[in-house]
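Report on one structure; see the data block that follows.
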Amino acid sequence: MKWRRFLVSRLVRLAFVLVAITTLTFLMMHLAPGDPARLVAGMDADEQAVQVARERLGLDQPMYKQFLDYIGGLFRGDMGTSFATSQPVTDEIAQKIGPTAQLAVFGMLIILLVGLPMGIIGAVLTRNGHRAFEIMFSSSTGAMASIPQYLIATFLAFFFAVTWQIFPVAGSGSLNAAVLPAIAIAIRPAASIARLVRVRTLEVLESPYVRTARSKRLPTRKLYLAHVFPNSITTMLAMGGVTFASLIGGAVIVEQVFARLGLGTTLVHSVLVGDYPVVQGIVLLLGFSVVLVNALVDIILGIVDPRTMEAGR
């Protein structure tokens, strides 16, 4: 019964958030500066041509009718047509989603391989009051978490691509080209994860059941595998949704630095040229992705740690 109530509450919350995102993306076109019909017809077009474009786009219909048509199109997989290329928005997104998804996957792997062990090691080194290690950990993670991602990307590109020529400076056609941008978007969230994991690990190491295990001379390896590591994973999993959102936001910026033809680059270009259907489609996709990942993390966390079901009701 608890599990059913927990799942229903998460699904209801998910539905409300998805409706809110859909409504906001619909309003985006109507609140944006300029006349979409004139953009489609051309800035030099006469009023008759603009009116024809307005009718073709359905902008002459009442707002509620436009919204219902928009929702109906989404259910059919139709996000509209690009003003700039006259191609379906879904095709535009399908062509550009690969490089961005690649960055997100690589970024999550880097966070897992860097943030998790860094937090556990930091807890082990600082738990006995080693002030020097604590200052070193706080300083390093603080610096990592505070540097803007575009500066990290510029630094990596200058030294590892331009100066030492270890990795490509631009492009999105190979795995090597994804290494530097993935590092650039992963450094800040990895530092945040490391700090959270350290705090949680210190709590676990000082907990009564770990003290009891130590008194029974449980081998250190078993102690960490049975108690410390699972709790650290749970902490990292709880931050999964926020971390994914950070990676997506970072990708929008970092793709510009490395000239990757992903959703971030396409989004910025579409905003600059006023291609509102593409902007709508990308914002909707990214918003849905972040919300769905958060919902999935909540459900997985409820399975792994049933206590979260009580806390999240």
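Backbone N, Cα and C atoms are what each Cβ position is placed from, and that goes for glycine too.
Heads up, TrEMBL stuff is auto-annotated, nobody curated it.
Marked as domain 'ABC transmembrane type-1' by TrEMBL: 97-301.
Through the fold, the transmembrane segment (12-32) approaches residues 63, 66-67, 70-71, 74, 274, 276-277, 279-280, 283-284, 287-288, 291-292, 295 of its own chain, all at least 6 residues removed from its boundaries and within a Cβ separation under 8 Å. Among the features that TrEMBL reports, transmembrane segment is placed at 12-32 (among others).
The transmembrane segment annotation in TrEMBL covers 103-126 (among others).
Residues or ranges marked as transmembrane segment in TrEMBL: 147-167 (among others).
Taken from TrEMBL, the feature transmembrane segment applies to 173-191 (among others).
Here TrEMBL flags 224-254 (among others) as transmembrane segment.
Per TrEMBL, the feature transmembrane segment maps to 282-304 (among others).
Segment contact is absent for the transmembrane segment (103-126) and the transmembrane segment (282-304), given fewer than three CB pairs below 8 angstroms at sequence separation of 6 or more. With a cut-off of 8 Å between Cβ atoms, the residues of this chain six or more beyond the transmembrane segment (147-167) that come close are 176-177, 179-181, 183-185, 187-188, 250, 253-254, 256-258.
Panel annotation: around the transmembrane segment (224-254), residues 100, 103-104, 107-108, 111-112, 115-116, 119-120, 149-150, 153, 181, 184-186, 188-189, 192-193, 196-197, 200-201, 204-205, 209-210, 213, 218, 260, 262-264, 267-268, 286, 289-290, 293-294, 297-298, 300-301, 304-305, 308 of the same chain, lying at least six beyond its termini, place a Cβ under 8 Å from a Cβ of the stretch.
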